[in-house]
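Annotated features, as they stand in TrEMBL:
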DOMAIN    9-69  domain 'LIM zinc-binding'
DOMAIN    120-180  domain 'LIM zinc-binding'
């Protein structure tokens, strides 16, 4: 047998090798961070949003729609949106219900809803920034992939980042665009 030099586990989504630095584990399986997506809607997942069913991974909304309780009066709590009529499940929630549908907003705010309010938003893409992917720059949280110069697109680090008016620049682009101008400069 040949030794496995530096190899890793196989990704549960793309079947390619997953190395430790890019690995997310769920239900005893390994995934690339970029492959850790809902099987239904393709939304990026993390440990707080994933719902696993055997070898499948879903966001909590799609999991609720596929595996949650079905029938009249159900669908509010199992991850379904309050605007969900159940048509895609072959249900008509408007007919045959002697009492009005329950309100979709719970009387006490859920822990999940409170948690989502506190999540930082990336100034570049506007999406949530979780601790594992956060880089601070200009006093704001950024995704590692969004932490780039606004002009040339170069990846930035703490040693070469400059901020101006809430935007990030590499030192070269900052000097060219915002540095002193005139004879002997630039």
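Cβ atoms are placed via backbone N, Cα and C, with glycine included.
Within the domain 'LIM zinc-binding' (120-180), the DSSP-based counts of helix, strand and coil residues read 14 helix, 22 strand, 25 coil. Within the model, the domain 'LIM zinc-binding' (120-180) carries an average pLDDT of 86.
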